[in-house]
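Just lifted these from TrEMBL, have a look:
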type	residues	note
SITE	Arg20	site 'Transition state stabilizer'
ACT_SITE	Tyr25	active site, proton acceptor
BINDING	Asn76, Asp89, Ile103, Thr104, Arg113	substrate binding site
ACT_SITE	His102	active site, proton donor
Amino acid sequence: MSPPLVVVLNGPNLNLLGMREPEKYGNATLDDVEALCAEAAETLGLAIDFRQTNGEGELITWVQECRGRASGIIINPAGYTTTSIGLLDALLAVGLPVIEVHITNIHRREEFRHHSFVSKAATGVIAGLGVQGYALALEAMAGLIAPMDDPDDAA
Ligand code: CA2
């Protein structure tokens, strides 16, 4: 049997990780984050599909495409966290466990970053633990999707 697929989605400007504002977001590049996720997924027996886009519509389409294909979604919605009802609606409609990740602690930052529309669709939220938050989200996701693979639950 193939391992459960977790889709890891990254929103706008996260392609700049490690290249700008390292004092805020650290030195790891998005490629480093993908490698970190691949390593964690391998250990946890998960497959990942890791993506980044600057487009709101593309992000929404990717969420929709998870239906029937993925077992869970990990998402750092970046700038769309605080603006996108469309993204919220897609995450609510997809019917999968969702973990929202932020590299920084959005609650220690500017007031406008505090309210996340996406959190309304999230099973859990990880913020402020740097890029390690992605590995922690994968660990939590493995726990959330494991019961689906338990043959005892099939009865
Ligand atoms: O802390 C996070 O992960 C954020 O989602 C990052 C977003 C920000 O809008 C959220 O409030 C919190 C910004 C992503 C932009 O990433 C950059 C990375 C390096 C240099 C510049 C931007």
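A Cβ is built for glycine as well, from the same backbone N, Cα and C atoms used for every other residue.
TrEMBL entries are annotated by machine, without manual review.
Could you tell me the structural context for the features on the list?
For Arg20 (site 'Transition state stabilizer'), the count of additional Cβ atoms within 10 Å of its Cβ stands at 9 [all protein chains shown].
In sequence order, Leu17, Gly18, Ile103, Thr104 constitute the residues six or more apart from Tyr25 (active site, proton acceptor) in its chain with CB-CB distances below 8 Å. Under the three-state DSSP scheme, Tyr25 (active site, proton acceptor) falls in the helix class.
Cβ neighbour count for Arg113 (substrate binding site) (all protein chains, 10 Å cutoff from its Cβ): 17.
His102 (active site, proton donor): 21 other CB atoms within 10 A of its CB, across all protein chains.
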So of all those recorded positions, Arg20, Asn76, Asp89, Arg113, which one's Cα sits nearest to His102 (active site, proton donor)?
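Comparing Cα positions, the candidate nearest His102 (active site, proton donor) turns out to be Asn76.
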